[in-house]
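As recorded in TrEMBL, the features of this protein are as follows:
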type     : residues  : note
DOMAIN   : A:73-264  : domain 'ABC transmembrane type-1'
TRANSMEM : A:12-31   : transmembrane segment
TRANSMEM : A:79-98   : transmembrane segment
TRANSMEM : A:110-135 : transmembrane segment
TRANSMEM : A:141-163 : transmembrane segment
TRANSMEM : A:196-219 : transmembrane segment
TRANSMEM : A:243-264 : transmembrane segment
Amino acid sequence: MRKGNISLTLSYLMLIILAIGFLYPAIWVVMSSLRVGDSLFSDSLIPKQLTFIHYRDLFIEQSDKQVFFMRWFWNTLKIATTSMVLGTFIQILTAYSISRFRFYGRKTIMSLILILGMFPGFMSMIAIYIILLQLNLLNTPYALILVYTAGAALHMFVAKGFFDTIPHSLAESAQLDGASHMDVFMKIMLPLSKPMITYISLTTFTGAWVDFIFARLILRSRENWTLAVGLYELVNSYSSTEFTLFAAGAVLSSIPIAILFLFLQRFLIEGITAGANKG
Amino acid sequence: MGKHAKMAALLSVLFMGIGQLYNKQIIKGIIFILTEILALYLMVTMLIEKIYGLITLGSVPTHLEKVGRVYVNIPGDHSIFMLLEGLISLIILLLFISMYVSNIKDAYKNGQLREKGLNAPNFHNTIRNINDNSFPYAMLFIPGLGILLFTIVPIIFMIFLAFTNYTAPNHIPPKSLVDWVGLSTFKDLLFLKQWKNTIIGVSMWTIVWAVLSTFTCYLGGILVALLIQQKRIKFKVMWRMIYIIPYAIPQFISLLVMRNMLNYQFGPINQYLRYFGLGGLPWLNDPFWAKVTIIIVNMWIGIPSSMLLTIGLLGNIPKDLYEAADVDGASKFAKFRSITLPYILFATAPLLIMSFAFNINNFNVIYLLTEGLPANGDYVFAGSTDLLVTWLYKLALDNQRYNIASAVGLIVFILIASLSIYNFRRTKSYKEEDMVQ
């Protein structure tokens, strides 16, 4: 019995240490955002005096610092939402076609998707940059949406695994009643795949929200930036002199994603587990 | 009778669509004829010239010309645009050729039908056939186009670039031309002393990083999950919520925050260390410590998702396995070793390879945390913590060494592609997918 208690105590001790480790950076950045002054250095974790001035500063465009936080936030939201809608649609469409139909070239397409999916798009960014230049889309949000959406189909394996588990008989009986392929997809499959759609929407939305590389490559002028580029530049160009402002920006940019994650946790776990099971 | 198939095929060889007309498929024939006319038109006006441009990459550089009394800058050929346009033209040409081949096959097939005394299907029936059999092709058309233009074309383009001399300072269009140089970029990369040092050093660190980061997150996640899921631990949901927090914060934010947190002079971590009388650690400023820091920070970011995965899997293990083990009087450790662990390892093995491949290309962690720094005097355009991908990024975007960057990209591509093919061949969804039903 005593041995059991020791191991239990040790377990709790581990859990507490880990919890501190996991929470500390988050708490620190929230506290920094509430601190008076603008430097990285602070005497204590919890500031002696709390202030919301840095949050206010984010919403007022100041002439000496070019921090267009509102615009960046709005740009990011626009790009992420549009990419989510288009990307989810394309991903579901691809997954459904490949799961449901046995057509010529199917295995080849699947291997191709798997290989290309592991190959990050940004590696061939020189070409993407030149293509976008030719299309006259550089420095526009459309370019980013196009890039995110064009690659969406490459992440279809989780959704394909999901469609694999829906019995064929369901579609077949509907087709006997005269439903077309499109009817089956829209009226039977889509309603059944709500959890999967939630998972994919969540991942494509966050994917676009947090993407740094393409945003930095494509968006050239300050007012077109997204949060990732803006906050990176804020850290880079002012480093430790505007830290509290950055902290406030970081907190505000994290909140939407954090809320989505915590509320949709169930779908995330299902999605990740499905990804592992279906390979 | 008996010659319809060959005749139709022959006619279709002569000109797309004639064989279909011969088979009395009027509308289909006309569509094919129009396609060939379009193809010929495009070839004469554009494709041939562009593909020729792909071979020469331009012959006239930007130069000064005397017009009247003054010299004017006359724009020359832009080799890189020519390369890209030539590549796209080549793909269009290949599409036309494949249509031409399928046109011959189609004429032959329908000719055979006629030999059997049947009529070739009319246009209405063809459309219905397309609706039934080609539904997946129609659905895949737009995603396919996106992948073609933004994934496949860029990759081929990158491979092409590796065989050119597109590099600063002497070969940057529109000022000057770019030429094909064969394997000389690879030779430089592998045999010139400085480049060789860099690529070997950076590759080694990339592999070490990928192995360590994959295993630390993977094992860390399993351990944390097992810790929480022990029977006697209370408040499981609360612990899980706490440990998910890093996962819910956008990665770029975590990384930028960590970068400040670990600041040598002002960061709070060093402040605490100094408070306890220990000197601050050069978290991001020393080559060795920077590598350690990157792996630790990556654990902070990666463990939560691996933990979630393990918790999900733990719930899936059939309970009767444990019951059977209890009947046999197995100890707790024996149950863990022979049931829990094999189950988790088996289920997550394919993911392990995926995340290994992902980590080879984990741009964000390196670039946002250290930017590849601290500097390394032995390397060309790379710092001590640069991975192949961040080095590639610096080569291309900061230093315009596009050909070397492309060669590095090609090496990474081969690495990743072989890993993923290996992985794919052994996944369930490839081998036995139809057995689920």
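Every residue gets a Cβ built from N, Cα and C, even glycine.
TrEMBL: automatically predicted annotations, no manual curation.
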Closest-packing stretch to the transmembrane segment (A:141-163), where packing means Cβ pairs under 8 Å, from A:79-98, A:110-135, A:243-264: A:79-98
Residues of the parent chain within Cβ reach of the transmembrane segment (A:12-31), under 8 Å, 6 or more residues beyond its termini: 45-47, 247, 250-251
Same-chain residue ranges lying at least 6 outside the transmembrane segment (A:196-219) that approach it to Cβ under 8 Å: 76, 79-81, 83-84, 87-88, 91-92, 121-122, 125, 128-129, 132, 138-141, 143-144, 147-148, 152, 155, 158-159, 162, 190, 225-229, 232, 256-257, 260-261, 264, 267-268, 270-271
